[in-house]
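K.L.:
Structure incoming, see below.
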Amino acid sequence: MNIGVLALQGAYDAHQKKIESLGVNCILVKTEAALAKVDALILPGGESTTMTYLLQKHQLWQPLIKRMQEIPVLATCAGVILLQKMGVLDIDVIRNGYGRQLESGIFPLSVKFDTTEEEVEAFFIRAPIINAVNDKEIDIMSYHLDKPVLIRKNKILAATFHPELCQSSPIHKYFIDLIRH
Ligand code: GLN
């Protein structure tokens, strides 16, 4: 199994290390050819405006939308903004929604996995706020300050925080299980 990490800009390196530490092969995705080789994809955090610009510049915007209809996706932080902009998830987001005071906060979250509820350490870095979830098929797995911060629609998982910075790997492990089942 190959998990791809979109590697045009942002925190792709930390995701790669996480995936490899869990014994799964990782491919850094910068081209359409690489996109075709992966069985699942991670959209990392970074700057959604820069990523949008680079995806369009490299003619990857449409191919990425198409591929994300076929394979599991984990989007983190700016990646969640991309999912909204690409029409992959019907949600409303506010960029940098928590304002400056939450630029680098670490907060414990209570996360509902399928059969368990676990505490997860979440790093929020100029995170977007998910202000509305407009699709009944989207499950909300965790809230922070009354807003959804981890959501899932089938095999699309979206976190407004940075699970790749956490010492343990609950979100990545859950994603790998999603891919396998
Ligand atoms: N503030 C960034 C944006 O709007 C997201 C921050 C992040 O990914 N850590 O794109």
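Cβ from N, Cα, C; glycine included.
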K.L.:
Given that TrEMBL assigns G46, E47, S48, I125, R126 to the L-glutamine site, pick the one from R95, R180 that the record assigns to that site as well.
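P.N.:
Among R95, R180, only R95 appears alongside G46, E47, S48, I125, R126 as L-glutamine-binding in TrEMBL.
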K.L.:
Under 8 Å Cβ-Cβ from G46 (L-glutamine binding site), six or more apart in the same chain: what's there?
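P.N.:
Spatial neighbours, sequence-distant, of G46 (L-glutamine binding site): Q9, G10, A11, Y12, C77, A78.
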K.L.:
Determine which residues of the same chain, besides G46, E47, S48, R95, I125, R126, have their CB within 8 A of the center of the CB atoms at the recorded L-glutamine site, and list them by sequence.
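P.N.:
In sequence order, the nearby non-listed residues are G10, G45, C77, A78, I81, N96, P128.
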K.L.:
Look at each of the recorded positions, R95, R126, H162, and point out the one with the fewest other Cβ atoms around it within 10 Å.
P.N.:
R95
K.L.:
Max Cα distance spanning G46, E47, S48, R95, I125, R126 (L-glutamine binders), Å?
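P.N.:
With G46, E47, S48, R95, I125, R126 as the binding residues for L-glutamine, the largest Cα distance is 13 Å.
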K.L.:
Which ones, of the binding-site residues E47, S48, R95, I125, have a Cα no more than 10 Å from the Cα of H162 (active site, charge relay system)?
P.N.:
I125
